[in-house]
């Protein structure tokens, strides 16, 4: 009861004009009780089908919202997009229609008729309002799910097939090259036709080709074509420099620079060649000299020093700084000294003791 009273009990503070009752009554009568023009007596309260609904929307609703004339058929006003309901009430903005549904089973049906009536809707109240989702519920996407299921089935049946764009990319590169050559020859023909009879550099087709390459290298007589044609000469030179020099040449330089950056980045992270051919040849050569007794075999200290040098070089390629490399080498020396002192089975008299400060570090 407390919940119901909270929704249906209202207290107002202030003055209410008694004319508000009459205004509310005439407005309700205008939109709810007014029937469709003609013999058919359909109003809002008697709507039973979609056809009745549209008859009401196109008839009493529009006639009640927009008043165009007085009772004597004279023009009511000259303003556009405005209306005065009952000649005094101004319609602000555009009217909006909101659908409020009523739940099924809100009215009482006698037990004898329940088998014959599957649906029963009472008149609208806030208590009888249907708040459930309309249609197939929210986030229902049957078409996309079925379409994706069908496409994935075809994909699983053809697992060995794939899209091959190798030849497409190949011909696309050739297409770009053909376009670049066509543009270059277009300027050659233009220069030959416009300046061929007056400028020696464009007197023949071969000279025009050679002149175009000279323009790219910066060796060109601009005054000659300007004297031949004061309008087409500068336009020809500026457009050629812009499209060929600033666009195409910079594009090629950008490609080269990007490739150089990738290679440099690969080496900066330590991606060296898998087979270091130089070191392998050097190692094989030293082993051959040792077997032929042409070189003194390397001691364990030399091998260990070489191994430490290789590890330090590899650490530098991986990005470690010199301080970290030196710390690692010192830790390795201390570890060897501790193992030599405590874990060696031989009697060692020449080991160096590890100080407390070194052990703490």
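Don't overthink the numbers, they just go from 1 along the chain as shown.
Glycine is treated like the rest: Cβ placed from N, Cα and C.
Note: TrEMBL annotation is automatic and uncurated.
Note that the coordinates shown come from a computational prediction; the quantities given were computed from them, not determined experimentally.
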TrEMBL annotation of transmembrane segment - which of the ranges 213-234, 235-256, 257-278, 279-300 it falls on: 235-256
Transmembrane segment per TrEMBL - which of 117-140, 141-164, 165-188, 189-212: 165-188
